[in-house]
């Protein structure tokens, strides 16, 4: 039997009685957002909508986007990235577990100096791919041209936001490049790596 989303009590300001809301609803009220699945149109629209709403609600408080994603569709990922640059609050990105493919693209899109990885997180970058075998010859050519444009877009963003030269990013995107948290920091994808407290096991 699947476990449902846990519910937690929440009291609106000025109200005496608390109401029960699901835990993600509660976290969203604290401006904490989660990308914990493949990137597709549904989750992209949810995150974009939340960022826009929370920006309208209060454009002075930062947003925090936690990422544990194997990647996914390019265009929905770009939609999240563009919205992060559009909203007025700074968006912190936090990698926990894995930020691969479009997950790493969204990770690097956080406010520079406010991108963090947990100590055992993994990051992977590569070029966009497509299922060419499903396409007819004409569609194959058109799709290949579109992929080249998307690759150019992603490469430019990585260059801009990591500080690496174009040739370094271009070489990295030729294959799957996995990195530890510290390697991702050295590569400019994140700015900080959380430090584990040796006494308590908690991260600080």
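Even glycines carry a Cβ here, placed using N, Cα and C.
Under the heading active site, nucleophile, Swiss-Prot lists 101. A simple way to gauge crowding: the CB of residue 101 (active site, nucleophile) has 25 other CB atoms within 10 angstroms, across all the protein chains here.
According to DSSP, residue 126 (active site) is assigned to coil rather than to any helix or strand. As annotated by Swiss-Prot, active site applies to 126.
A Cα-Cα distance of 6 Å separates residue 126 (active site) from residue 101 (active site, nucleophile).
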